[in-house]
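Step one of this worksheet: look at the structure below.
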């Protein structure tokens, strides 16, 4: 009976989702009632594939065959794992999942056909084309139109299509809130291009918790409501890990509601973390907007020691360049002869930590070209690029083809000089050699987080094995290892490396963020000292009052015997480089042994270098549409905004979303809090009087440099809004925060005039004339710059409200008016006056 009912439901799904009709007389064959017919769901799908292919329905046949591949793939590799099972051996839940997958992937075929297709790339360079760096090429190729045929340049406002959206269970709450708060339902322009993973707070040890149950329910609801093909469920993978390993491709444009989205730069994708509402609009429309950023180039030279991985390389970069200096709000493009020697895992670790930010340290590394950014102190832009291989399966030009491209600065890093480093609490760029700090004592050692890759985990296990063979004893302390995904867990188990971790006293929770975020099942105790291979070591990151220092997994492993900082090089002398490489090769074979879960995915054997196609305002895209902005078809709110009259609340530089001074504590973001609920926790750890001041009329904040640095959490500006803050004025804003403010309908103003900050004291009366773009304080008037797009977003009460009014045409409407002054001109004018560029360089 189960077989009959399931077969009927599958045939109904084929009819409704794929418009596929199969003759009634075929039904008995599916049920195994004809002699010699095998029995079970797998055989049913096989037979359907055969019939569809026989009918000439190759596309639909490929879809069902892809579903079949998922059905037989092991559960640890993301499948259902029912290969060879009979009807009696497959439970009802699994049958329901097979039906869902069939429906979802048939829907994906339709949504893929309906979505905008990028124009065909050029097989050879246009002789009229001027050189562009990789980020410019990717943005130009994804643009609906570009302002000139020769190239795009920093400051150009582009309406672009996107390839992927990624989110966690925690950021999905904010994404969903941005539309449900306006009585709209979440939607996706393509149901096969939304990667959602439960990793930040969900954990099998806390599945019973009501807040965790609500998050898990949110994941499941998103899967069903959007017919998601890429919903990873809970604790299958940290959101970035398997996305980069399985989905991201060179030349793609990826949006994520997480600041470490830039991890996909490891495979030459342009991947950028944004706020939840911003990403939700991208998910609904398949579009967004950017102002083309400036780019710096870091050339790797020399050859690293065989045991040097991405973590030590990026710590070396941070040590020399520092944060918020040359790379502030810019794309970072890595290349050079040394880049070829870095594995994809090493590139992942480097990319992952390109999102860190903060203090005033001056850069020690001298640029090899003229630099215009020494006065900046802003957030490092969330993107990272190695100029290599394909643009959506066709290769984008690399190496010599970037000659003549525009870079704000160029640097060189000698990989031969990289050694084991440690970043001292509480800043990822307070870096020094491990050898200079040996002897530091720890209460705990943590190997994990998305930045800790498969090869890092393999090498750390071999270091532990070397220590065991030497007879090293384990001193008292807490030890935790958290691989980034179940496929990595499977590989480590097959190599016998999980047993080594167990022998060394390491707890092994399910894949997730764990101590790197410190708000789930694993929270470091107040006052405890930790050595960790995670990516951030800010105050309260691992747990309130806990202290964390970050380094490579190999260094953590070597230090975990006596819980004292130990240079891993001694134990690495006992590790065979050959064995290490053999283990990595076995991991690679295991990964290559199963087909890609992405339907239609193909491995390119021959690299073909191509150039992006630049569409002019009247050019046609691949499906023949005219991409010119539909100015006549959309209307915007022209209502004028009144002035803001308030008193000032004064804050300093580097007001943070994550670290201290902290706008909103991470635990307050869990669940589905309203703006008002978030506001009740605003600055509660560092400025407990802040909320009373705002309620008494101090509704304009005056801050300093890099206001809102930290993560992509949109809850930070929402908390300010929920409390009643009307405007934030600062010398500069962190990229994501500065973009989040107008997206939720709030005013963020950059002022660099020193006279303003002398006049704008705590409690001083202030008037902000939004339409006139001037601020009045202490009898003085200060003009400010505000893009037409930002002004329109504020008039419309934010991006979500704009989408509610304009629907899929929202970005066409918002992008129809150019910025009043090219951003490059703003930068030149500001620098000429000796000021800081600030958020005028946002894109």
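The chain as shown is numbered from 1 upward.
Glycine residues also receive a Cβ, built from the backbone N, Cα and C atoms like all the rest.
[4Fe-4S] cluster binding, as stated in Swiss-Prot, involves 513, 516; the candidate among 445, 450, 587 given for that site is 450.
Listed binding-site residues near residue 516 ([4Fe-4S] cluster binding site): 536, 541 (candidates 258, 259, 536, 541, 713; Cα-Cα distance within 10 Å). For the pair residue 713 (substrate binding site) and residue 513 ([4Fe-4S] cluster binding site), the C-alpha distance works out to 16 angstrom. Taking the mean position of the Cβ atoms of 258, 259, 260, 536, 541, 712, 713 as the substrate site, the remaining residues of that chain whose Cβ falls within 8 Å of it are 273, 355, 658, 710, 711. Other than 450, 513, 516, the residues of this chain whose Cβ falls within 8 Å of the Cβ centroid of the [4Fe-4S] cluster site are, in sequence order, 199, 200, 238, 260, 448, 449, 451, 512, 514, 517, 534, 535. Listed binding-site residues: 536, 712; maximum Cβ neighbour count within 10 Å falls on 712. Its Cβ taken as reference, residue 260 (substrate binding site) is surrounded by 28 other Cβ atoms within 10 Å in the chains shown. Long-range C-beta contacts of residue 258 (substrate binding site), restricted to its own chain and to partners at least six residues apart, with a cutoff below 8 Å, comprise 166, 167, 168, 171, 239, 240, 273, 711, 712.
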